[in-house]
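Okay, so here's the structure we're looking at.
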Amino acid sequence: MKFELDTTDGRARRGRLIFDRGTVETPAFMPVGTYGTVKGMTPEEVRATGADILLGNTFHLWLRPGEEIMRKHGDLHDFMNWQRPILTDSGGFQVFSLGDIRKITEEGVHFRSPINGEKIFLDPEKSMQIQDALGSDVVMIFDECTPYPATEDEARKSMQMSLRWARRSRDEFDRLENPNSLFGIIQGGVYEDLRDESLKGLVDIGFDGYAVGGLAVGEPKADMHRILEHICPQIPADKPRYLMGVGKPEDLVEGVRRGVDMFDCVMPTRNARNGHLFTSEGVIKIRNARHRDDTSPLDTKCDCYTCKNYSRAYLYHLDRCNEILGARLNTIHNLRYYQMLMEGLRGAIETGTLDAFVADFYTSQGREVPELVD
């Protein structure tokens, strides 16, 4: 992978990630294909929304279908018929989400399979081996996602163990002679000094990119902004910056304003299945009865297949009848909305008009523009 940085506007950055399988324009949003599929969508449909890269999940793909089946197909690209870049999460966050059915030790994580209750062990080495089998273009280190709330001492111990796991991830990645890219993950909770220590340790090890982890786990939005404003300027400028698991459209805007290059989140697809649709004027709840006889498109400013071909009344009808097509059309729209937002942000950075773009975005949503800390 090669990262090119073209221009900046304030702290926002416009560039691209260049892989053998294709180029990813940044800032970029990655749709989530947890089980090797963006729910309800074919790869061609996902690509048509403007997506350059997808996210897959190591933990879930390890449990089902498993490494052996993946290798029989070649890798995850061949298995799911997506011949463009793929980033895979290491499984650390999913293990964190298991709660009481997992035990974390220095060696790794012991847990019971959420599928059949089988006892399983996952460590940095195994995570690297699974991601090697997946053929991930971007591999993430295995880390512990620091919970919120956590005391400074708890966050320090978690972060320092993640640093040791980062070293083990790097060593195993190199032992496997994996030709792809490996990203480190900055931890440390809501404590700036711990974030500093984490980043320094990761830079000393050396990675192809740096992710900010442990945010969007329940902390106030102000804390997320504070940590991003503190840590992003310290990440090496020639490396991509990835904010994991974020988020709402306004979170993407605020992340870009603070120098983030990459995002992922299940929100556009999950919300689509629940009838919550993002538009240029805010969120529309399509199952609301006021849409029952509305012949207008979902969003007149959207160029997606759904908006060009169907009315709000039809989408309401599909939702009320629990038709699968409704979830699919909603997903197409939400993913396209996210990609159009990223396209707008990239264009604004290129032309030095980001402040105006951000002001228009919040005005259309009926909200005030959050302040940046100098």
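Any Cβ shown, glycine's included, is placed from N, Cα and C.
As the structure is a computational prediction, the values presented were derived from the model and not from experiment.
Features of the protein shown, as given by Swiss-Prot:
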type	residues	note
ACT_SITE	Asp89	active site, proton acceptor
ACT_SITE	Asp264	active site, nucleophile
BINDING	Asp89, Ser90, Gly91, Gly92, Phe93, Asp143, Gln187, Gly214	substrate binding site
BINDING	Cys302, Cys304, Cys307, His333	Zn(2+) binding site
REGION	245-251	region 'RNA binding'
REGION	269-273	region 'RNA binding'
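Other residues of the chain with a Cβ within 8 Å of the Cβ centroid of Cys302, Cys304, Cys307, His333, the Zn(2+) site, are Pro297, Leu298, Asp299, Asp303, Tyr305, Thr306, Lys308, Ile332, Arg336, Tyr337. Across the region 'RNA binding' (269-273), DSSP classifies residues as 5 helix, 0 strand, 0 coil. Cβ neighbour count for Asp264 (active site, nucleophile): 22 (other Cβ atoms within 10 Å of its Cβ, all protein chains included).
Each residue contributes its Cα atom, and for Asp264 (active site, nucleophile) and Gly91 (substrate binding site) those atoms are 15 Å apart. Same-chain residues with CB within 8 A of the center of the Asp89, Ser90, Gly91, Gly92, Phe93, Asp143, Gln187, Gly214 CB atoms, the substrate site residues themselves not counted, are Val95, Phe96, Met140, Ile141, Phe142, Glu144, Cys145, Ile185, Gly213, Met244. Taking the Cα of Gln187 (substrate binding site) as the reference point, the closest of the recorded positions Asp89, Cys302, Cys304, His333 is Asp89. Under DSSP, residues within the region 'RNA binding' (245-251) fall into helix, strand and coil as 3 helix, 0 strand, 4 coil.
Recorded residues Cys304 (Zn(2+) binding site) and Gly214 (substrate binding site) have their alpha carbons 33 Å apart, per Cα-Cα distance.
Taking only the Cα positions, the spacing between Gly214 (substrate binding site) and His333 (Zn(2+) binding site) is 29 angstrom.
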